[in-house]
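Annotation comment: TrEMBL describes 21-41, 53-73, 94-122, 134-157, 164-182, 229-247 as transmembrane segment.
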Amino acid sequence: MSALAVLDAERIKLSTTRSPLWSVLGVAALSLGVAALQGWTSYGFTPLPPGKAALGVAVFGVPVLMILASMTVTGEYRTGLIRTTFLATPNRTWVLVAKAIVAAAFSSVCTVAMVLASVMVARLFAEPVVGAQLSLVSAATWSVAGGFALYAALAAVLGVAVGALIRFAAGAVAVLLLWPLVAEPLLANLPSTGVQLGPWLPFANMFRFLDVEWLFPTFNIPWGETGSLVYFVMLVVVVFVVAVAVLNRRDA
């Protein structure tokens, strides 16, 4: 099977399954709810930046998309379809690469749509002064959308890799939710070692690049915003390479 045929097969698998659509709609509603609260509860004369309006996308939307990416692998292991996939495409490396490409593209498109919708919802609920920067024609809005889309694409690749390593949906979901939402914030807020550990936490670095304020304290990251992005990319690459190696070594 050619490379384009493998990509098309993965696209068809994703687009003909209902669970991704319902999951995206659910998390989009949650993200828009957060955006509405951001706009409604912001007072004073300080404009609400687009990044803060889209906080729900970074905190809730991308993790759910990351889980959906992992399910493109774990779902096939659960149903036994993975054996058919490997029979049709013996090159397992390309199978995983194709899944990562399709998941990354899907996650990026969904994230951009959620960011733009969040900006408009926040503006709808905000006072005129607070919502002054919330516009679809603003360069800041599209900069945020681009940054969040990059984050979603990288997170999707990470999700596919974790799914290939663990193979079971429950385990992959636990890792992908607990890692950014529980483990890293806990480590970052440890009284004695949080300051030392903080700059080495992958998702903390990605949030630094996106300028998203979440559960992490302010760290002095010596390599700056671009270095934070490179650090997260390196982690994703390492985990994906390990997943490819493991996938090629063990039985389906």
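Don't overthink the numbers, they just go from 1 along the chain as shown.
Note: Cβ is positioned from N, Cα and C throughout, glycine not excepted.
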For the transmembrane segment (164-182), distant same-chain residues with Cβ under 8 A (at least six beyond the ends): 59, 63, 66-67, 70-71, 73-75, 77-78, 96, 158, 203, 239, 242-244, 246-247
Top partner of the transmembrane segment (21-41) among 53-73, 94-122, 134-157, 229-247 - counted as Cβ pairs under 8 Å: 53-73
Tertiary contacts of the transmembrane segment (53-73) (same chain, 6+ residues out, Cβ under 8 Å): 10, 13-14, 19-20, 23-24, 26-28, 30-35, 38-39, 82, 96, 99-100, 102-104, 106-107, 110-111, 114-115, 118-119, 121-123, 134, 144-145, 148, 151-152, 155-160, 162-164, 166-167, 169, 172-173, 176-177, 180-181, 207, 210, 212-214
